[in-house]
Amino acid sequence: MSGHGPAQPMTARRSGPLKGRAEIPGDKSISHRALILGAMAVGETRITGLLEGQDVLDTAKAMRAFGAEVIQHGPGAWSVHGVGVGGFTEPAEVIDCGNSGTGVRLVMGAMATSPLTATFTGDASLRKRPMGRVTDPLALFGTRAYGRKGGRLPMTLVGAADPVPVRYTVPVPSAQVKSAVLLAGLNAPGQTVVIEREATRDHSERMLRGFGAELSVETGPEGQVITLTGQPELRPQTVAVPRDPSSAAFPVCAALIVEGSEILVPGVSRNPTRDGLYVTLLEMGADIAFENEREEGGEPVADLRVRASALKGVEVPPERAPSMIDEYPILSVVAAFAEGLTIMRGVKELRVKESDRIDAMARGLEACGVRIEEDEDTLIVHGMGRVPGGATCATHLDHRIAMSFLVLGMAAEAPVTVDDGSPIATSFPAFIDLMAGLGADLAAG
């Protein structure tokens, strides 16, 4: 079983101006998908810039367990010798996906239409997260799932021996659910159709096309209609993974709120389905310039030049939530340093992430002297242009909560401690060194 070592408290103190280049790790969403699609292609896929956080390493291990040869050649440089669509072999061991909701749900989708059985588990946080939202649509293909009460891990999936194509409307915007259904559809005959009422991040669609799948996206009265033709032969690719906009959010937001800062963040994905935070920050008055805009691996990228800014509160519309679902914790920190109310609506999905992120941010911000209002679906931050700080904040084993409160401490009047900084390694292992290199005052304990 996945475990968790001793807690590693960390403290951030008010920092001088942040200066320099922030080299962000590769995008987590694209890294997971590159490994999985590489394993389902016939031949060798080469990947550069792969994120080597624990979540992605767990997906690499899972692909090995299903029979693909996954080799690391150097930092970020990997190759995957795929076994083809329908070529997975039954794993001999339990598949441990650690902390990764994305990893477990995508891998479940990838194996769901093969005639084999696999058992999945994860760490204490992942074992609390509901899997029914993925196993319900997979059941339509003929997959059977046996999990703990409430559809939780550990869970055994019995893949469909004779899968049927599926037409599925995603009930709650979720790129993970959409992607799991599309990956399952690869080994089903005929056409699998996924309907989204609200668009979510589209890395799976872009990458499936890149690997040679026949996939179309049309807008109809029901929403976005994605049609995938099953049982293609996927062709191996060379994948250059752009830098992760969700990880870039932390140094970007730190530079906005730490007085006198100016940083450059090169090569960040500007995928429009992931751009909600940057749209919101610009509305708040952030000084962010997008330089050297270009395309890499089918994804738009740019270098971000960020300067400290006087910010004002804004209302974030609910329809923006899918394009920034992982960024609300750090946005709520920025909102605390803005002048006026920031109202974030349509955020109930945050309650079933690695932690209940609305509750975790609300309690931590209140402890730091910020006035908060919340209900099931809304978070309101009363920005005062300054934050007293001086608190210890609970991270609930959630990497984004940990990084958000450390950024808060860099600009607060008194130091801010997080009870455990170790989960940061799941998505951004170099976060502490990177921020310290820019001038942040961070220390263990």
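Glycine is no exception: its Cβ is also placed from the backbone N, Cα and C atoms.
The region 'Disordered' annotation in Swiss-Prot covers 1-25. For LYS28, GLY101, ARG129, GLN176, ARG357, ARG400, the entry in Swiss-Prot reads phosphoenolpyruvate binding site. Residues or ranges marked as 3-phosphoshikimate binding site by Swiss-Prot on the basis of sequence analysis: LYS28, SER29, ARG33, SER174, GLN176, ASP326, LYS353. Residues or ranges marked as active site, proton acceptor in Swiss-Prot (evidence: sequence analysis): ASP326.
Secondary structure at SER29 (3-phosphoshikimate binding site), taken from DSSP and collapsed to helix, strand or coil, is helix. With respect to their backbone Cα atoms, GLY101 (phosphoenolpyruvate binding site) and SER174 (3-phosphoshikimate binding site) stand 12 Å from each other.
Within its own chain, the region 'Disordered' (1-25) has Cβ neighbours under 8 Å at 51-53, 96-99, 121-124, 126, 154, 243-244, 247-248, 251, 254-255, 258-268, 308, 389, 392, 397, 402, 405-422, 427-430, 432, 434-435, 437-445, counting only residues six or more beyond its boundaries. Take LYS28, GLY101, ARG129, GLN176, ARG357, ARG400, the residues named in the record as contacts for phosphoenolpyruvate: the widest Cα to Cα gap among them comes to 19 Å. The binding-site residues under consideration are ARG129, ARG357. Their Cβ neighbour counts within 10 Å are lowest for ARG129. Checking each of the binding-site residues SER174, ASP326, LYS353 against LYS28 (phosphoenolpyruvate binding site) by C-alpha distance, the shortest gap belongs to ASP326. Among the binding-site residues SER29, ARG33, ASP326, the residue whose Cα lies closest in space to that of ARG357 (phosphoenolpyruvate binding site) is ASP326. Ranked by how many other Cβ atoms sit within 10 Å of their Cβ, the binding-site residues LYS28, ARG33, LYS353, ARG400 place LYS353 at the bottom.
For ARG400 (phosphoenolpyruvate binding site), the nearest neighbour among the binding-site residues SER29, ARG33, SER174, ASP326, LYS353, judged by Cα separation, is ASP326. ARG129 (phosphoenolpyruvate binding site) carries neither a helix nor a strand DSSP state and counts as coil.
In sequence order, SER246, LYS353, ARG400 make up the list of same-chain residues 6 or more apart from ASP326 (3-phosphoshikimate binding site) whose Cβ falls under 8 Å from its Cβ.
ARG129 (phosphoenolpyruvate binding site) sits 14 Å from SER174 (3-phosphoshikimate binding site), taking the Cα positions as reference. Taking the Cβ of GLN176 (phosphoenolpyruvate binding site) as reference, residues of its chain lying under 8 Å away and at least six apart in sequence are, in sequence order, GLY101, THR102, ARG105, LEU106, VAL134. Sequence-distant neighbours of SER29 (3-phosphoshikimate binding site): residues of the same chain at least 6 apart with a C-beta under 8 Å from its C-beta are THR102, ALA175, ARG201, HIS203, ASP244, ARG274.
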